[in-house]
Amino acid sequence: MESTILNKEDEKIIQIESTILNIDELSVSYGGDKYSIDKVSAGIQKNKITAIMGPSGCGKSTLLRAINRMHELYPETHHKGSITLGGEDIYKINPIQLRRKIGMVFQRPNPFPTMSIYDNVIAAYILNGIKLKRSEKNEIVERSLREVGLWDETKDVLHKRGTFLSGGQQQRLCIARALAYKPEVILLDEPTSALDPIATAKIEDLLVKLKKNYTIILVTHNMGQAARISDYSMFMYLGELVEYGKTKKMFTTPKDERTEAYLMGKFG
Amino acid sequence: MNISNSISQQKLKWRIFNDRLFSIVMMSLAFISALPLLSILYQLIKKGYKQIRLNFFIEVAPDTMEAMMAKVNHEIIPGGIANGIVGTLIIVGMASLIAIPLGLICGIYLSETSKGKMAGLVRFVVDMLQGVPSIVLGVIAYIWIVKPVTSGFSALAGSVALSIMMLPSIIRSTEETLKMIPSTLKEAALSLGVPYHRTIFKVLLPTGMSGIATGIILGISRIAGETAPLMLTALGSSAINLDITQPSSAIPLLVWEFYNDPNLIDLIWGASLILLLIIFLLNLGAKAIAKKWKVQY
């Protein structure tokens with residue numbers, strides 16, 4: 001069990017910086033006694049990029065989805081342990097409220113196909129029935145699209161459908177949509193796995209810029225991606241958090257031999 | 001080498017022959033199955049076109065004496081089917097008002113609940129409902145509405161019978177369309193903190209609109225030509241009737257009345273042609289909507 005806790009050195013560093021999300025002994029099951037993730041504990045650092053790596057089926061998406069309670073879409077899920085956001089237990093907040101504080105971006109770009117680019121950005125307001133003045137809408141759309149570097153490409157076609165954009169642009173639109181509500185944390189579930197290398201590079205650059213204002217948690221299959229952009233990395237294996245620490249350190253001197261084997265490409 | 005070459009040449013010729021034969025057989029069979037529709041259209045147009053004048057749409061059906069006089073004088077039978085057209089519009093319109101909301105809700109429920117005893121039961125009942133003979137639905141509407149509610153034959157009773165007939169096609173097309181929508185779209189909305197009911201009504205339904213609207217229109221075109229249940233409920237009326245608690249005519253009822261009256265029998269063709277054209281237009285409309293409102297994910 002040693003390996004699930006942080007090693008002392010890292011723990012010190014992580015405590016000095018500020019923890020925004022605290023995951024404490026979290027286990028999640030999709031039904032029955034089998035837990036997809038088992039007693040995961042970690043403190044997620046504010047304004048940093050944390051990458052969650054691991055082979056398929058290791059529970060990394062489950063962990064990510066537990067953070068904004070999206071795993072509850074499956075009716076039989078239950079969990080043990082807790083997650084706190086700024087000290088507040090997220091399982092005591094209404095999921096609808098929680099998801100406005102923790103935005104999410106998915107594997108495949110999924111802009112709303114019936115909406116224009118403009119409406120997609122402010123979808124959270126439209127769909128929640130929040131009335132905004134025209135000037136407020138314009139401001140949110142421009143700010144969000146500028147944040148994701150999509151403003152110059154789309155400012156003349158804002159009223160075309162979102163699905164008319166390229167895959168990479170659609171994914172940036174989805175990030176803009178998640179940012180429009182000014183969440184504290186953004187969760188990304190393999191956001192570049194459906195994109196080509198150029199679009200991937202753009203998203204990576206974007207995430208590095210975004211961490212100034214947001215805390216980013218990124219699930220990735222791609223070790224290179226984790227090494228390039230993340231500040232902290234988690235390695236998960238069979239539902240267990242094997243190792244968590246500074247990315248540079250983990251990639252150069254992994255503590256656990258399973259982490260080492262994974263990073264060497266021996267499995268995954 | 002030579003021998004094997006010649007054999008394969010022969011085989012090749014045989015294959016090409018077979019190929020052609022198959023195409024020809026397929027084409028002729030396809031043509032044969034299209035024949036009934038073509039011949040129906042031909043008959044209706046040939047015998048009915050004379051009656052299709054403006055009067056045919058704005059005048060009510062003639063009585064048997066008027067028709068007999070016209071026949072004796074070798075004139076075109078006067079009058080039209082306005083009472084039937086208005087009746088069909090009212091009865092079918094009201095049936096849609098009943099069936100569309102119910103069918104949509106039921107279809108949404110089934111698409112959202114793929115497992116579970118209740119959903120399985122509902123799905124089974126809907127399938128069975130599709131097979132219930134329309135005359136039986138007429139009897140049911142007679143017992144439910146004609147006797148206790150309107151104490152007499154009424155357009156409302158006809159609408160209830162037809163709305164039950166419409167339900168299965170609306171429910172199934174809604175369910176199937178919503179199931180085709182990628183779950184990531186639902187997740188996207190929920191992850192923005194959008195409540196479940198808003199996710200359904202503001203994201204899923206608009207995205208599936210093309211398929212759902214097509215199902216509704218096909219449901220309407222299916223009931224527009226129904227006669228049997230209307231005989232037990234709406235009964236028929238020789239005047240235009242706008243009161244839904246009173247007996248009402250409908251185009252298929254008129255066709256049946258014309259058939260039973262030797263003096264009016266010539267009007268069958270015109271009335272049938274109009275009915276067929278209405279149903280054609282509905283089907284074309286369904287196709288156009290499916291194409292125009294199609295959403296790309």
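Cβ atoms here come from the backbone N, Cα and C positions, even for glycine.
Automated prediction, rather than curation, is the source of TrEMBL annotations.
Beyond the transmembrane segment (B:21-45), the same-chain residues lying 6 or more positions past its ends with a Cβ under 8 Å from any Cβ of the stretch are 269, 272-273, 276. Residues or ranges marked as transmembrane segment by TrEMBL: B:21-45 (among others).
Residues or ranges marked as transmembrane segment in TrEMBL: B:85-110 (among others). Away from its own ends, the transmembrane segment (B:85-110) comes close to residues 57, 119, 122-123, 126, 155-156, 158-160, 162-167, 170-175, 178, 200, 204-205, 212, 216, 219-220, 223-224, 230, 234, 237, 240-242, 244, 248-253, 274, 278 of its chain (Cβ-Cβ under 8 Å, at least six residues beyond either end).
What TrEMBL lists as domain 'ABC transmembrane type-1' is B:85-286.
Residues or ranges marked as transmembrane segment in TrEMBL: B:122-145 (among others).
Sequence annotations record features per position, and here TrEMBL assigns transmembrane segment to B:151-171 (among others).
What TrEMBL records for B:203-224 (among others) is transmembrane segment. Distant neighbours of the transmembrane segment (B:203-224): 88, 92, 95-96, 99-100, 103-104, 107-108, 162, 165-167, 169-170, 172-174, 176-178, 180-181, 185-186, 188-189, 194, 251, 275, 278-279, 282-283, 285-287, 289-295; these residues of the same chain sit at least 6 beyond its ends, with a Cβ under 8 Å from one of its Cβ atoms.
According to TrEMBL, the feature transmembrane segment maps to B:267-286 (among others). Tertiary proximity for the transmembrane segment (B:267-286) is limited to same-chain residues at least six positions away from its ends with a CB under 8 Å from its CB atoms, namely 40-41, 43-45, 47-52, 56, 61-62, 67, 77, 81, 84-85, 88, 213-214, 217-218, 220-221, 224-225, 251-252, 254-255, 258-259.
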